[in-house]
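Enquirer: First the structure, which I've put down as structure tokens, then a few questions once you've had a look.
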Amino acid sequence: IASTQDDTIISKLKPANLECGPHVPGCMNGTRRDILAAVDNWVANIEAPNVLWIKGYPGVGKSAISTTLSEKWRSSKYITSSFFFQREQAHAMTPNALWRTVAYDLARRHPIIRKYLVTALTADDSLPSTLNVDELFRQLIHLPLMATEQASETVAIVVIDALDECGGLDGWKSDHRMGLIRTFKSWSSLPGRFKLVVTSRAEHDIEQLFAITTHQPLEMFAGQRVNSESTEDIRSFIRHELLQIVARYPSLPSGWPGEEAIDKLTKQAGGLFIWIKTLLALLKYGEPQRTLRQLLRPGTGGIASLYAWVLHAHFPNPSDEDLGDFQLVLGAIIFTKSPLAITSLTSLLAMDSSAMEFICNGLYSVLDYKDTVRFHHQSFVDFLVNPEECPKPFCITRQLANQSLAKACLRSMNKHLRFNICDLESSYIRNCDVPDLDVRIKNCIPADLSYASCYWVDHLIETGFETETYIDVEYFMNHQFLFWLEMLSLLERVNTGSSMLRSLTSWMRESGQDDSLAVDMQKFMSAFASPISQSVPHIYLSALPFAPRGFGVSRSYVTRYPRTLRIRQGGLQNWPAIQHILSGHTSFVNSVSFSPNGRRIASGSDDHTIRVWDAETGATVVGPLQGHTDSVQSISFSPDGKRIVSGSRDSSLRVWDAETGNMVMGPLNLHYSSVYFVSFSPDGTRIASGSWGDTIRLWDAGTGEAVMRQGHPTSTSSTSISPDGKRIALGSANWTIQVWDIEMQMTVTGPLRGHTGTVSSVSFSPDGRRIASGSDDMAVRLWDAETGEKLTGPLKGHTGRINSLSFSPDGMHIASGSNDNTIRVWDL
């Protein structure tokens, strides 16, 4: 019974509906012996670096090596796991999915790891859903592996294939990839018996990772640098595969096509197994002798030349319509934001099934379209989008592909969107209480409409202005806006709506079009996000009737729904400045903070709790977070928005996961009185905190260790971290300001004297060169952050203590807030 219960707990780790195993066959027997032997030697050497990086040009066979290693080790004494990234599944193949998969695999193979994870998940069942990949790695991988310390014979090996495909088309710019790279650095600190194999191309961010991470390098060469072992492996592979073709054609002579032809093919391959696999696919499905003669002609050497030959061979004299279909289909496969089944893709693009089949059948050697449409190898995508390699009629451009997808999405919405799309009978219950809503959504909303509703703006903003597209957008705004809101409500995507409409407004403005209706749609969305997210019918019953009458949404839509509420007197004449009133705390709210992306608001209260709110809908999404034993005085998001630090009157700091609400660090208890100030450094590696009558402290944001303590003769009253995260400005009750260097832990500027009262606020300018200060003496002063020289001031006008200062982003103005109940803006 206990084992069954543990199975249930451990099963929560495995991501649902995600196939992350090998997607290519392993190496043919007898090939790659040199590489496999080198890997075996590395595994056997516990003293060797515990990270092995296998790098190589696209198509040299890295994934086949990964498959072979995974299958070999699966039946060995080692505890193993593997994860094969695929670029087209970047939305699902995240670092979170990777480390959950690895933890699940290791738990099934090792009792100590299993026991540790069962305990951790029992204590916190929300752990698998955290978006904090660093904490996820620590809890699911690092700590469980370290728990096997007594079982020193335990060797764990994890294979991660195609690191360069993590993050999809965003590549090195992807937050997912950056987070994953950080965890690889953490793995390198584990004992040598815990092995990690990583395969990838040598992209610059990955090379930077391994330049500063101890690892064992293993390079697979191609082209002029291909070694004799790889050449012989390819020769053996060609012979083996050609025997299979000969067996299907009894008329072919024994030994066809002869050693000379095999030598020529081997040389043309240049160490690229993907070149040979593509060629063999062409031979298998074409007439072999004629096809081989064509492939042996001059000009088909190299992967780009072979791909060009594939295009010309299968589309020899394409008509304009054929090329249009090619561009449409291939552009969609590359640039859709999430993969679609071939039937859904055909529907989205409004193509005849036969036209889709014609394009896909012509690309059988490079394309898999049994269900979800995907390329056999990422190198073909690289070829298609490279105008220097791909023949001009076939080359895919990002802008044109996204323009076609934007039109396709708008067309799909025009075709399918309608009033009450899921045929809800009652407005008396919320979406979540409709018993068969999932079935209704599945039956009433086709996959292409769901995709179009979620991503049409993403494709639109990648395109320039085009009249036909604008006409479709204009029709959407004037006729389908409320139907689209139904979709967002049903798909639980209302919190993305405002940002989509802001992007739409920017696109229209940049295109020189009237954006007034788009602006009003965005305000409508923001004002009524809460009822829209809770109930589809109340888009029409609660939101529309109460929108200001003189603006675009009301003018376009109210007359179409005459059998609803009407405002006879009063009503809004303009959109309210207040978009949400967030209710839930039971005492004073002392601190609020927007997340860096603007989608969340964190709040701390005298009720000892922290809450996280959806900035679009006003709903509580995390919390109340409990742990502090007195009022929460200060709160701040990390620069990546994944963590929240809180300071309390109980003299402690705590760090929370912004998605799950789990406390990931703390309590940090070195202060002796109320913590009135907390803030992450701009790079997220440090946390600064200030306490009344005590000190400023600096903490390592990863470990929670105190790395700096700085005291004043009297209380520090205000602090500011410089934009580069290297210095802290400290305002004091003794009327002075000091600038501390964080690394050197010493005063580098100051004390700066000039104020005649407590320095109640300090702020660095955006370039870090100046410091503004406000005081109980009711004056604002400006200082040179390096020399301490007085630059401007005292700026006088306030009649009360100055509590807060902030520079404008361009550094040309300062806003000051005072006890005199006013805010003043100063031209510097």
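Cβ coordinates come from backbone N, Cα and C, glycine included.
As the structure is a computational prediction, the values presented were derived from the model and not from experiment.
Annotations for this protein, taken from TrEMBL, read as follows:
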DOMAIN    38-201  domain 'Nephrocystin 3-like N-terminal'
REPEAT    582-623  repeat 'WD'
REPEAT    625-666  repeat 'WD'
REPEAT    668-709  repeat 'WD'
REPEAT    709-743  repeat 'WD'
REPEAT    752-793  repeat 'WD'
REPEAT    795-828  repeat 'WD'
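Tell me about the surroundings of these features in the structure.
Expert: Long-range contacts of the repeat 'WD' (582-623) within the same chain, counting only residues at least 6 positions beyond its ends with a Cβ under 8 Å from a Cβ of the stretch, are 494-499, 525-526, 529-530, 533, 629-637, 639-641, 644, 646, 648, 656, 658-661.
Through the fold, the repeat 'WD' (625-666) approaches residues 124, 126-127, 129-132, 135, 175, 587-588, 590-597, 599-600, 602-612, 672-680, 682-684, 687, 689, 691, 699, 701, 704 of its own chain, all at least 6 residues removed from its boundaries and within a Cβ separation under 8 Å.
The residues of the repeat 'WD' (668-709), classed with DSSP into helix (H, G, I), strand (E, B) and coil, number 0 helix, 23 strand, 19 coil.
Mean pLDDT for the repeat 'WD' (709-743) in this predicted model: 75.
Here the repeat 'WD' (752-793) has long-range neighbours at 717-724, 727, 729-733, 735-739, 799-807, 809-811, 814, 816, 818, 820, 826, 828, meaning same-chain residues at least 6 beyond its ends whose C-beta is under 8 angstroms from one of its own.
Residues in the repeat 'WD' (795-828) partition by DSSP class (helix H, G, I; strand E, B; coil) as 0 helix, 19 strand, 15 coil.
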Enquirer: When secondary structure is assigned with DSSP, how many helix, strand and coil residues does the repeat 'WD' (625-666) contain?
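Expert: Helix, strand and coil residues of the repeat 'WD' (625-666) number 0 helix, 22 strand, 20 coil.
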